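Lifted from TrEMBL, the feature list:
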type	residues	note
TRANSMEM	7-25	transmembrane segment
DOMAIN	7-257	domain 'Acyltransferase 3'
TRANSMEM	45-64	transmembrane segment
TRANSMEM	73-93	transmembrane segment
TRANSMEM	99-124	transmembrane segment
TRANSMEM	136-157	transmembrane segment
TRANSMEM	177-195	transmembrane segment
TRANSMEM	207-228	transmembrane segment
TRANSMEM	248-266	transmembrane segment
Amino acid sequence: MNLVILTSFYSIIIYIILRVLKFGIPNDYLWTKIIFPYPIPTNYWFVTSYIVMLLSMPMLNIVIRNINQRKHLYILLFLTVFIVVIPDLYSYFPGKMDIWIGQFGATDATYFIYLYFIASYFRLYSSKLTRKWEYWLILVVIGNILLFISYSLPLFISDATHNYLNYSQLMIGQNSTVITMVAVSIFMLFVNINIGKVRCINYISASMFGVYLLHENSFLRPIIWNYINNNRFTTFTSMIINGLKYNFLIFIICILIDIVFRRILFEKKINKLSLKLGNYLDKKLLGK
């Protein structure tokens with residue numbers, strides 16, 4: 001419930017501020033778009049998909065508890081083919097008539113469910129190899145090298161065609177095979193490495209969701225990136241330096257906004273509202 005309230009909080013506040021300033025809100029953005037299909041001004045794909053996964057977890061857990069390792073592997077293979085491999089192939093070889101990757105179940109929500117099955121598999125059937133953080137670090141390094149080459153190679157090829165440039169970007173797609181490998185490897189790396197309790201990291205990590213809600217807001221995002229204007233950076237060096245600089249600035253500014261605006265000014269009210277709504281829904285829906 002806290003997730004829903006926090007998402008609604010930022011979405012509504014940002015909308016009101018920009019509407020008052022008459023800046024960044026399209027003129028044709030009518031109240032019907034705010035109310036339907038659910039009453040918040042903007043959507044966040046990550047939040048929506050995560051909520052679908054959370055609501056699916058009781059059913060997913062029933063399945064996971066009633067299958068053995070072999071069946072679990074079969075489900076992972078099935079989901080990998082239809083959620084990762086086929087969309088990847090379709091991206092590289094488009095043009096087949098009357099086909100859409102959604103026909104195979106490849107959506108953001110099903111991708112989250114797929115990741116849930118992966119995490120549950122490693123939790124239940126981990127081996128000596130999968131418990132070694134060095135193994136996952138190697139995969140992270142390999143994956144990031146592939147991503148770096150894919151993204152930067154066109155910058156060194158003066159006669160690169162438009163299609164080549166498009167293909168080079170496909171590897172960094174959200175559901176791509178390499179991105180999936182890197183995401184799972186990073187997750188498993190930090191699961192298996194013990195850095196102890198670092199107060200600074202714990203404090204900052206509490207604002208990571210706020211950072212996402214701020215810089216990925218559908219109204220704020222174009223304002224931010226239009227101001228930065230990536231087209232100014234035409235060389236490899238300028239792209240890397242300015243990319244790191246602006247990412248760091250956005251990260252710090254969003255953390256400060258979240259700490260001051262949410263955690264200092266509104267945290268108690270948000271938590272109180274979340275608790276009340278959670279208890280109400282538990283009572284009405286679950287009879288608790």
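Glycine residues also receive a Cβ, built from the backbone N, Cα and C atoms like all the rest.
Automatic, uncurated: that is what TrEMBL annotation is.
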Legend entry - Within-chain partners of the transmembrane segment (207-228) [C-beta distance under 8 Å, separation at least 6 from its ends]: 3, 6-7, 10-11, 14-15, 18, 23-25, 41-44, 46, 242, 246, 250-251, 254-255, 257-259, 262-263
Legend entry - Ranked first among 45-64, 99-124, 177-195, 248-266 for CB pairs under 8 angstroms with the transmembrane segment (73-93): 99-124
